[in-house]
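Participant: My questions all concern the structure below.
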Amino acid sequence: IVMTMMGNLVVIISIAHFKQLQSPTNFLILSMATTDFLLSCVVMPFSMVRSIESCWYFGDLFCKVHSCCDIMLCTTSIFHLCFISVDRYYAVCDPLHYVTRITIPVIEVFLFISWSIPIFFAFGLVFSELSIIGLCVLIFNKLWGVLASFIAFFLPGTVMVGIYVHIFTVARKHGSYQETGMVRKQNESIIQKKINKYKKESSSQLKKKKKERKERFGTKNQRADYVAAGATRGSRVEGEENEERECGEQEGLRQTCQAQGPQQEHGWQAQQINTLSKNLAGATKRERKAAKTLGIAVGIYLLCWLPFTIDTLVDSLLNFITPPLIFDIFIWFAYFNSACNPIIYVFSYRWFRKALKLCLSGEIF
């Protein structure tokens, strides 16, 4: 409980205080941290008393309020995990359009869905009179058992696993040769092929233009020969001057001719290879880190919620034969996911670790 409360509180303070951290993605993380913080304050302490005493001492009305907050906050936290996975998918697999796709209005839609659906679901479930007086343990019928398992686990879990598999495939494809030291050579080979292709196209276009100019200049030279017989040399000089003049009259043509020198062309190639190689290396590193972070998140999510979900689904079909002790163990496993979220999504990033140090040292107060 303390770890969940303190970890998420640090996340809330960090994002709220530092403007550098107030990005659309971090607003999702802030909302999820708020959800987990409320879970640790409002739900977990009373659940701890119920688990230790094996009895509910706080009345039937507060039982409904507690159960409603429990289901709502847990489901909201899971929905946040799902939408963070969607955000990471666009950041890794479609980085060029990420800024235009994941905007503040889109994040607002994500937050509205993450909060509204769990609220309606929790109120509908709790106030359907399915709890036992004195225990405050939700007893699902078959319909609610299947529905709760689908909404709170299978639907977001399928989305998260599918996104992780896709991101992992992209990251593995781009970084398959990184450990053998061949990634830079492969990238340079691809870039060099593109540059050579561009050079051939540019060279053919340049030759075509020069041929057209020579044909025009040749016509002028022939006219000069008719006017002054024997002035072949003068005509040739005139043609060269005309060629230079025509090259200067056409927009950008002289600059094009001058820019095709061997040294400049070679320098341009080296610069392009170096720039694109750095971009590819940086993209590969980000993809691998995103795949690793999301893989850890999906793994912990499945580890924490799978036992509780299977028990809820199976128990609803077997007339609820699970002992209260086993049910409490499974639900505390699910609570543990809220304690892991700050570590996975926040403390793994350098800028949040710096914010954590400032918070713990008291420099921001």
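Note: Cβ is positioned from N, Cα and C throughout, glycine not excepted.
Annotation comment: TrEMBL describes 7-345 as domain 'G-protein coupled receptors family 1 profile'. Per TrEMBL, transmembrane segment is recorded for 27-49, 61-86, 146-167, 294-314, 326-347. Here TrEMBL flags 197-268 as region 'Disordered'. Annotation comment: TrEMBL describes 235-252 as compositional bias 'Basic and acidic residues'.
Tell me about the setting of these features in this model.
Facilitator: Residues belonging to the domain 'G-protein coupled receptors family 1 profile' (7-345) score a mean pLDDT of 74 in the model.
Nonlocal intrachain contacts for the transmembrane segment (294-314), taken as residues 6+ away from its ends with a CB within less than 8 angstroms of a stretch CB, comprise 78, 81, 84-85, 88, 140, 145-146, 148-149, 152-154, 157, 160-161, 163-164, 167-168, 322, 326-327, 330-331, 333-334, 336-337, 340-341, 344-345.
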Participant: Under an 8 Å Cβ to Cβ limit, what residues of the same chain, 6 or more beyond the ends of the transmembrane segment (146-167), are close to it?
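Facilitator: Same-chain contacts beyond the flanks: 71, 74-75, 78-79, 81-82, 85-86, 88-89, 92-93, 117, 121, 125, 140, 287, 290-291, 294-295, 297-298, 301-302, 305-306, 309, 312-313, 316.
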Participant: Within the same chain, where does the transmembrane segment (61-86) have neighbours whose Cβ lies under 8 angstroms from its own Cβ atoms, ignoring anything closer than 6 residues to its ends? I mean 6 or more beyond.
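Facilitator: 25, 28-29, 31-32, 35-36, 38-39, 42-43, 46-47, 110, 113-115, 117-119, 121-123, 125-127, 131, 136, 138, 148, 151-153, 156, 159-160, 163-164, 294, 297-298, 301, 305, 334-335, 337-338, 341, 345.
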